[in-house]
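See below for the structure under consideration.
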Amino acid sequence: MKKIGVLAIQGAVDEHIQMIESAGALAFKVKHSSDLDGLDGLVLPGGESTTMRKIMKRYDLMEPIRAFASEGKAIFGTCAGLVLLSKEIEGGEESLGLIEATAIRNGFGRQKESFEAELNIEAFGEPAFEAIFIRAPYLIEPSNEVAVLATVENRIVAAKQANILVTAFHPELTNDNRWMNYFLEKMV
């Protein structure tokens, strides 16, 4: 059975754990670098990316997560996770640099501009995925190595590169497990 960790420093940790378990994998909370040992994949949940980055640095998690990815292990970042995994963050904040694109934080606006949208994901077929965007980022300037999986208003909101999958929205806040299934079946 696949073992998936969820970075448990802030954000929708419990919701991701429930989604992982409902997809048939084992879920573990990751708070320290040693918690990465033995995992097949890692989820960086939504939350507040600046706060998450500061905590990751304080607990010395940045380099171990980069090393985890360099071993070919899969990482799935949602919302703030997308921001943290991007090569660059607009404004120059430090990131993990694992997907070759630039993240625009709060790209669709602040909390009051949160919204839902139907996304037609080729890999999923019908029906459309009901995506929940909360202070959502998006990606710009992807390299040729990045596969764009979904856009809203011509903005990249889901993408993958090698073993890295990112969404600007929160699949863990829905009852639709197709993103986690995709991660487990195609990436891990």
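For all residues, glycine too, the Cβ spot is worked out from N, Cα and C.
Straight from Swiss-Prot, the features:
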BINDING   GLY47, GLU48, SER49, ARG105, ILE134, ARG135  L-glutamine binding site
ACT_SITE  CYS79  active site, nucleophile
ACT_SITE  HIS170  active site, charge relay system
ACT_SITE  GLU172  active site, charge relay system
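Within 8 Å of the Cβ centroid of the L-glutamine site, not counting the listed residues GLY47, GLU48, SER49, ARG105, ILE134, ARG135, the chain contributes GLY46, CYS79, ALA80, VAL83, ASN106, PRO137.
Rounded to a whole number, the distance between the Cα atoms of CYS79 (active site, nucleophile) and SER49 (L-glutamine binding site) is 8 Å. Put simply, the two farthest-apart Cα atoms among GLY47, GLU48, SER49, ARG105, ILE134, ARG135, the recorded binders of L-glutamine, are 13 Å from each other. Each of the recorded positions CYS79, ILE134 was scored by the other Cβ atoms within 10 Å of its Cβ; the lowest score goes to ILE134. Distance noted between the C-alpha atoms of ILE134 (L-glutamine binding site) and HIS170 (active site, charge relay system) is 8 Å. Each residue contributes its Cα atom, and for HIS170 (active site, charge relay system) and ARG135 (L-glutamine binding site) these two points are 11 Å apart.
Of all the recorded positions given, namely GLU48, GLU172, the one with the smallest number of surrounding CB atoms inside 10 A is GLU48.
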